[in-house]
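Q: Let me begin by handing over the structure; questions about it come next.
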Amino acid sequence: MTSAPTPLLAIRGLHAAYGKIEALKGVDVQIDAGEIVALIGANGAGKSTLMMTIFGKPRARAGQILYEGRDITDVPTHEIAHLRIAQSPEGRRIFPRMSVAENLQMGADATECTDAEREATLERVFSLFPRLKERYVQRGGTLSGGEQQMLAIGRALMSRPRLLLLDEPSLGLAPLIARQIFDAIRTLNRQDGLTVLIVEQNANHALKLAHRGYVMVNGLITLAGTGAELLQRPEIRAAYLEGGRHG
Amino acid sequence: MTATPHETTKASRTAGIPFLLKTAFINALIALVLFSLMVGIRTEAGSDGQLTYWARFGDVAALVGAVFGGSIVIELLRQWIGPTGAEKLVPPSVQSGMSFIGRYLAPALLIFTLLVPVIFYNQRYILDLAILVLTYVMLGWGLNVVVGLAGLLDLGYVAFYAVGAYSYGLLATSFGWSFWICLPLAGILAAFWGVLLGFPVLRLRGDYLAIVTLAFGEIIRLVIINWQSLTGGPNGVSGIPRPSFFGIPLDNSDDGLAAKLGIEYSPTHRIVFLFYLILALALLTNWVTIRLRRLPIGRAWEALREDEVACRALGINTTTTKLTAFATGAMFGGFAGAFFATRQGFISPESFTFQESALVLAIVVLGGMGSQLGVALAALTMIGGFELFRSLENYRMLVFGMAMVLIMIWRPRGIIGHRAPTVYLTKAQVISSDLVKEGHG
């Protein structure tokens with residue numbers, strides 16, 4: 001990938017900790033506009049922490065997070081969503097007693113957009129995930145796992161983000177549904193120019209989808225490269241791809 | 001609990017008997033342990049002040065027997081008409097009837113409420129009771145914002161009721177300000193205290209929040225009792241002015257409303273005025289809540305109840321969201337308190353005990369958290385029922401405890417458990433009717 005003069009998101013020497021436990025120990029990640037970047041690694045490597053630190057919870061102890069060249073390291077959590085960064089958190093976390101329509105509306109509430117823009121975004125979400133349109137009057141909690149994931153992504157898209165952070169979108173999903181989700185992400189990237197940072201345990205899927213990838217071990221980035229390169233690396237194959245995972 | 005899936009009634013009975021006996025036996029055993037000391041041994045101070053006691057085996061045996069029999073009856077009732085597969089047993093005609101009632105119940109109740117003073121004009125007792133019920137409806141609706149919508153368990157709601165009541169009581173008696181000036185002030189002061197409570201509990205949820213709010217309710221009451229120079233302590237505040245009809249007093253004087261309208265004075269006028277006053281306040285609470293639910297702030301409250309982490313990820317400021325929920329709920333509590341003060345003419349700390357908080361919370365939970373109609377129905381049953389069973393004297397709490405347990409068994413989400421969604425697609429969409437039904441489930 002050709003790198004733009006200012007990357008959309010640049011993370012430099014980021015440290016974060018939960019109490020005394022250091023979760024990030026100097027992470028450097030760069031995401032250019034229009035890219036899909038995958039972040040892979042084992043459980044507890046700090047992938048989700050990195051994603052949450054971008055949102056300021058937990059706060060970075062050291063290092064910088066630059067978004068479009070602007071330092072957002074100390075911006076309050078609730079204001080980050082207004083910068084058109086959206087997050088689909090781990091475990092989906094949709095609002096179970098609220099309807100699908102309300103869940104989607106929640107995504108749009110935090111951003112200032114006109115009714116027409118909101119309608120257009122909603123139509124876009126429905127065209128990506130027609131199931132959500134079928135189910136828009138249902139309560140979120142009555143959806144299947146895959147539909148809930150679609151709703152979580154749809155809800156994040158409602159804020160019309162430039163950068164979408166996806167935490168484990170294929171977690172607990174049937175392979176076929178996971179493929180649909182990944183297809184939708186690819187479509188969003190190609191047609192809408194959405195930049196995506198995706199955290200995944202399913203390294204094979206994620207690296208095939210992504211332009212570039214980072215491998216995280218114990219709070220540090222140990223490898224970086226294009227998706228295809230990383231897929232070929234023997235240590236990646238040994239650590240994340242073989243060992244029972246098929247596909 | 002009812003682990004026996006029954007295809008036919010006969011099968012369930014044969015499979016259920018050992019289970020029934022086991023449950024009943026366990027319950028009887030618990031009753032035995034409880035009652036053996038509470039009832040089984042009677043202690044009294046003897047003639048010389050010494051302790052005398054004797055055992056009452058018969059009473060214990062009767063109680064344990066009653067528990068044994070009672071738990072069999074309850075278990076049987078649960079198996080036959082309980083929630084397991086109950087929906088299929090309701091015939092469609094009854095279902096459509098229920099939905100018809102559901103649609104017209106709220107308007108019908110409202111029209112009836114508006115007509116109460118006309119129908120029961122000469123029955124002071126019923127009018128007083130109706131005012132009391134409406135006060136609790138309003139308190140329930142106010143607390144509903146905090147507990148039902150925002151999901152913040154508040155056990156100290158009575159504190160805001162007290163702040164409202166004392167605000168009006170003290171401002172009116174000290175400065176002679178009229179009710180209509182003090183009413184908004186009482187609301188603002190209560191909201192201020194709501195925010196004050198909100199700040200320290202921002203990071204708390206669930207049980208921990210409940211404990212702190214419980215303590216807050218007690219603190220306010222204790223401050224009122226002990227700050228004698230301001231609040232009069234346990235003696236309370238008396239001589240609180242009655243409300244006026246926008247400056248025109250409702251009394252027998254020449255300036256009174258009756259004299260101005262040229263009609264004969266009757267003390268019922270004031271009662272009817274109070275009735276419509278609390279009705280207007282309650283409806284205001286309801287209207288504001290319904291409006292807020294459709295605005296981003298109301299949706300944020302509900303989302304906060306569902307998932308706080310997701311809220312933050314969506315750019316919701318959870319701090320202000322929680323504080324506005326506390327403030328809004330407290331404000332309505334303050335209005336209700338000001339009304340209480342003007343109705344009674346006398347307030348004392350005794351009116352603001354934890355029991356009031358518990359009662360209002362019970363109304364919200366029984367009514368179905370978040371449901372406006374459910375809260376109104378629960379207030380009506382709780383307060384109205386309290387009066388209805390007055391003749392039962394000591395047993396009335398027992399009856400109530402039982403009724404609450406039964407409601408929670410059969411309708412664990414409250415009388416009206418379903419919540420209406422607030423967002424629809426703007427364009428009318430053609431969708432099959434069964435999809436819509438599923439959504440309301």
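Just so you know, glycine gets a Cβ as well, placed from its N, Cα and C.
The transmembrane segment annotation in TrEMBL covers B:20-39, B:60-81, B:101-121, B:133-163, B:175-196, B:208-227, B:271-290, B:358-383, B:395-411.
Context for these features, please: burial, neighbours, distances.
A: Remote same-chain residues near the transmembrane segment (B:133-163) are listed as 113, 186, 189-190, 193-194, 197, 201, 205-207, 209-211, 213-221, 224, 275, 278-279, 281-282, 285-286, 289, 292-293, 298, 301-302, 304-306, 321-322, 325-326, 328-337, 339-340, 343, 349, 351-354, 356-361, 363-365, 367, 369-372, 375-376, 378-380, 382-384 (criterion: CB distance under 8 Å, separation of at least six residues from the stretch ends).
Packing against the transmembrane segment (B:208-227) from elsewhere in the chain are residues 152-159, 162-163, 166, 193, 197, 200-201, 233-234, 349, 352-354, 357: each is 6 or more residues past its ends and has a CB under 8 Å from a CB in it.
Note on the transmembrane segment (B:271-290): residues 113-114, 116-117, 121, 124, 127-128, 130-131, 134-135, 137-138, 141-142, 144-145, 149, 243, 245, 250, 298, 328, 332, 335-336, 339, 342-343, 372 of its chain, located 6 or more positions outside it, place their CB under 8 angstroms from a CB of the stretch.
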Q: Residue list, the transmembrane segment (B:101-121) vs rest of chain: Cβ under 8 Å, 6 or more residues beyond ends.
A: 127, 130, 134, 268, 271-272, 275-276, 279, 373, 376
Q: Six or more residues beyond either end and a Cβ under 8 Å away: which residues meet both conditions relative to the transmembrane segment (B:20-39)?
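A: Here the qualifying positions are 1, 56, 59-60, 63-65, 67-69, 71-72, 75-76.
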Q: What residues in the same chain, six or more past the boundaries of the transmembrane segment (B:358-383), come closer than 8 Å to it by Cβ-Cβ distance?
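A: Same-chain contacts beyond the ends: 105-106, 109, 129, 132-133, 136-137, 139-141, 143-144, 147-149, 151, 154-155, 157-158, 286, 289-290, 302, 400, 403-404, 407-408, 411, 413-419.
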